[in-house]
Amino acid sequence: MGKKSVSFNRNNYKKRKNERTEPLPRRIFKNDKPSKFKSKRKEKDKNSDAYDEMLLNNNFTLLDQEEPMVEIGSKKSRNDNDSEGIRDKGGVEISNKNDPYIQFGKADPLEPLEKPDLPEEAIKRGEPTILLGIPKREGRKTNPVHDKAVENNSDFIKFDWNSDEDEDSVSNDKSKNNESLKKSSKNEIPGFMRQRGRFFHEANEKSDSNRKRKRQAYELDSQSCPWHRQYKVEREVSRIFHQDILHFIDYITPTPEEHAVRKTLVSRINQAVLQKWPDVSLYVFGSFETKLYLPTSDLDLVIISPEHHYRGTKKDMFVLAHHLKKLKLASEVQVITTANVPIIKFVDPLTKVHVDISFNQPGGLKTCLVVNGFMKKYPALRPLVIIIKHFLNMRALNEVFLGGLSSYAIVCLVVSFLQLHPRLSTGSMREEDNFGVLLLEFLELYGKQFYYDAVGIAVHNGGFYFSKKKMGWLKPNQPYLLSIQDPVDFQNDVSKSSRGLLRVKATFANGFDLLTSKLYALASRIEREGVNRVKDFPSILSTILSVDEGVRQHREHMLKCYKNNPVPLEPLVEVDALASIDVDKLPLQDVGLQYVEDESDSDETDAAKDDLFKVNESIETNGHENFQKQALTSTGEQSSSNSRANPSKLFNISSDDSEDEVPIIEDTTASDEESRAKKIRKRF
């Protein structure tokens, strides 16, 4: 085969020189021939560009530029050679000259168009093609149009008043109407009245579809709101709301079977831990101990090791995790050693319950006793806490690491709300009968009214608000964070890690708005329909709460676990029978306050004085006897008492810090000392 002769110019020389410098594989496999795919693609793009240009110009400018023109009302074109249609430069057929779309598209917009001959049925139906003046390409058999457009109501556009559920009935109605339209008689009803008559005639059929819709809505409500039951006849919506809350609490409370399965899991984990370390003790704390847990809540455990043999190092955590996994008690194991409280997180393969194990953290045990004491004092605490926990759990705001509120923080919020409620403190309202009102006011307080930037919450000593600035808990970059003083440890801020408090606040505010609008709607419905229809009203809590399929499946799984391994059922312990601590009656030493005694010149003490003070007797050089009083309070006690804010001045907190200065040592007489001790006792 002969070689192609190439002109030896400068450009070809540079091209050949560059090819020599390229790597050998690239020179071997290089193909100078154009790709078939690219060429086809270019042709396709070229053809589509002409069609797109025609669409953009609305068939006017493109046709003006072309020589073959189609005249209106004439069968001849200027280009007789191309009788089949108009083609562009690429040979693509744009359209046929006899195509009505070109005729009407090329027409003068000021010249009225002749109405094409279309079927009478299409005119009666009022199809859009008639209104546009463009017939269909594949039309039915054409008949001359009678000049009775107004009588037949040809310009009437009908709307579909039926729902998607009644598609079959709509198609049947269309066929019946088409048959009736074909019949022409002198007594035929005009089109306008026929359409209106059809609308009223289908009222009975629509009632059937409404029944279907109501039945489906009831089925949906029973699935998402399994707690809903018929209400008792009440005229006040607050009482109806109270019934709905009782129904929800009764449904969401764990059954004895579920509680027994969790207790069995605790015993199995306890045996495994003692098998590894016989000298430690395993305790349960958290919501399981206080009976405030939801069906999908975690199980909180703590391992307390003896002083002589400490357990809880990183190595011990990994050893225990491996041991539990080896015994098939743990799956999806996570050992978190970098947190403030190192824990082991895992899931029980049998019950699918999430478990958290911590080491040497006795504060959780004290917390359980304090929460039990609050539940004994405030009957509305348990239902409100359970509803708020489920409300935040649905929105992923109940986990601290996600920026939400912990269960303990929610308990403290509800306790503070009940402690400082004006009507509850005066006894003008009972908690047991007003769960709905209290829930609304809780959402309104912490969603719309509470001043997070300056106010902190304390629940010990009857509950009070304090200034975050005076306490030293105000963060300049995040002043909106919630501050809750731990009644067990006054130096601990329970909600300091809840970074997403703005989302929590907005969620509370939206919940209040939704419930308020729902209650107003129910009140107006009672006025319209009467009190007897109250029992059929939907759930009020369904506006903010629901139970998803995962919760129902988990509860069914727990019931299956109990049936496979039945154990003797124990009745749930009543709140009054729980071990508890009342922080209002407890000595301050037991809740984390440490008393520091200052050094004195004398060792003699007065044992008859109050427990909060200790008086050291000293004799000065002048011979007079004076008493030196030393206020034995910790920094936590000082900050909580001195920075105590008046609840009535919650939103107008003074920035003056002069009140924070309290004299620690002063000379006084014995009579003055007794009077000051009485004042201090009143404050606590």
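Positions of Cβ are set from backbone N, Cα and C atoms, glycine also.
As given in Swiss-Prot:
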type     : residues                                       : note
REGION   : 1-52                                           : region 'Disordered'
COMPBIAS : 19-35                                          : compositional bias 'Basic and acidic residues'
REGION   : 64-127                                         : region 'Disordered'
COMPBIAS : 73-91                                          : compositional bias 'Basic and acidic residues'
COMPBIAS : 108-127                                        : compositional bias 'Basic and acidic residues'
REGION   : 161-219                                        : region 'Disordered'
COMPBIAS : 171-186                                        : compositional bias 'Basic and acidic residues'
COMPBIAS : 199-210                                        : compositional bias 'Basic and acidic residues'
BINDING  : Gly364, Lys389, Ser407, Tyr408, Asn492, Lys496 : ATP binding site
DOMAIN   : 434-492                                        : domain 'PAP-associated'
REGION   : 623-684                                        : region 'Disordered'
COMPBIAS : 628-655                                        : compositional bias 'Polar residues'
COMPBIAS : 656-672                                        : compositional bias 'Acidic residues'
Binding-site residues compared (Lys389, Lys496) - highest count of Cβ atoms within 10 Å: Lys389
Counts by DSSP class (helix H/G/I, strand E/B, coil) across the domain 'PAP-associated' (434-492): 19 helix, 10 strand, 30 coil
Among Ser407, Asn492 [binding-site residues], residue with fewest other Cβ within 10 Å: Asn492
Reported mean pLDDT - the domain 'PAP-associated' (434-492): 92
All-chain count of other Cβ atoms within 10 Å of Gly364 (ATP binding site): 19
Surrounding CB atoms that lie within 10 Å of the CB of Tyr408 (ATP binding site), all protein chains: 22
